[in-house]
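Participant: Starting off with a structure, shown below.
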Amino acid sequence: MENITEVTEFILMGFTDNADLEILSFFLFLAIYLFTLMGNLGLITLVIGDSRLHNPMYYFLSVLSSVDACYSTVITPQMVVDFVSEKKVISFIGCATQMFLAVTFGTTECFLLAAMAYDRYVAIHNPLMYVVSMSPRVYVPLIIASYAGGILHAVIHTVATFRLSFCGSNKISHIFCDIPPLLAISCSDTHFNQLLLFYCAGFIEVVTILIVLLSYGFILSVILKTRSTEGKRKVFSTCGSHLMAVSTFHGTVLFMYVRPSDSYALEHDMMVSIFYSIVIPMLNPLIYSLRNKDVKEAIKKVFGKRILCG
């Protein structure tokens, strides 16, 4: 009988083995991570500290910021450490944990963006009744459901992936433990896993994008009925940042997961993963801050107080 040795740890190969490029990447991604934390935690602090931001729209935004901060924390610190490590090793349990958390926060963000689109529709359709229509009885369950959906999706894929055998190469051609590169090195039949990934990710994408499209379809009908130019400008300002965040996030996720497995190109996909898991969490606070009047006013208020105190 042939002895089969199961893998007990994995090696994250990353996107380069050039020593000079690794040092440069270390400082670059460390700066991105610190900027991500500063931006997202700063936005959460603004929402908590400024009474003008105490409404469902900004509660959703603060939850999105917490998800982005956690999502980046699951991936970036490990990658940064690997840039200056001789052995880029992650344990079997560590890999499973990283994948579970990455899928949880990534999926939660999909659901949250859909909930935020619905929230924008409610606010614009009947602004006078917004606080009543989007009361804690409505937005709190939406937030909880987003997390629950993310956790359930992560459990499905983590269990399905780590029940496979890893008895050959333990080198993952990626920056973190993601589903496609793990399936690529498994010595088991991964056909079921590939179908599971395609249909689960596809279902989530279709449902959440449909909610976004319907919400913004209704918003557009409201805009067309609005005669006031100032009213239209305010609506576009409010919704533009959310549409930008939705487009960038869903575009990369669709490209990464909802396509035939034989079209995967791990090196190319790695760059896409960096964008949606590291760059987008950094950009979201900027997108929402620069295009949102209330957030900009809150920032000016904070810095104004510091200047006066100084």
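Yeah, the Cβs are placed from backbone N, Cα and C, and that goes for glycine too.
Per Swiss-Prot, the feature disulfide bond maps to Cys95-Cys187; the stated evidence is sequence analysis. Summarising the annotation, Swiss-Prot assigns N-linked glycosylation site to Asn3. What Swiss-Prot records for 45-52, 119-131, 216-235, 291-310 is topological domain 'Cytoplasmic', and it gives sequence analysis as the kind of evidence. Per Swiss-Prot, transmembrane segment is recorded for 24-44, 53-73, 98-118, 132-152, 195-215, 236-256, 270-290.
Could you place the listed features in the three-dimensional structure?
Facilitator: Counting every protein chain shown, the Cβ of Cys95 (disulfide bond) has 25 other Cβ atoms within 10 Å.
Beyond the topological domain 'Cytoplasmic' (45-52), the same-chain residues lying 6 or more positions past its ends with a Cβ under 8 Å from any Cβ of the stretch are 58-59, 61-62, 294-295, 297-299, 301-302.
Through the fold, the topological domain 'Cytoplasmic' (119-131) approaches residues 55-57, 60, 139, 142, 215-216, 218-219, 222-223, 235, 238-239, 242 of its own chain, all at least 6 residues removed from its boundaries and within a Cβ separation under 8 Å.
Away from its own ends, the transmembrane segment (53-73) comes close to residues 33, 36-37, 39-41, 43-44, 46-47, 101-102, 105-106, 108-109, 112-113, 115-116, 119-120, 123, 130-131, 134, 138-139, 143, 146, 277-278, 280-282, 284-285, 288, 294-295, 298 of its chain (Cβ-Cβ under 8 Å, at least six residues beyond either end).
Listed by sequence, the residues of this chain that lie at least six past the ends of the transmembrane segment (98-118) yet keep a Cβ under 8 A from its Cβ atoms are 57, 60-61, 63-64, 67-68, 70-71, 74-75, 78, 90, 139, 142-143, 145-147, 149-151, 153-155, 157-158, 161, 176-179, 182, 204-205, 207-209, 211-212, 215-216, 242, 245-246, 249-250, 253, 276-277.
Listed as Cβ neighbours of the transmembrane segment (132-152) (distance under 8 Å, sequence separation of 6 or more from its ends, same chain) are residues 56, 59-60, 63, 103-112, 115, 118-119, 122-123, 126, 204.
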Participant: With DSSP helix as H/G/I and strand as E/B, how many residues of the topological domain 'Cytoplasmic' (45-52) fall in helix, strand and coil?
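Facilitator: Here the numbers are 7 helix, 0 strand, 1 coil.
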Participant: Count the other Cβ atoms sitting within 10 Å of the Cβ of Cys187 (disulfide bond), across every protein chain shown.
Facilitator: 14
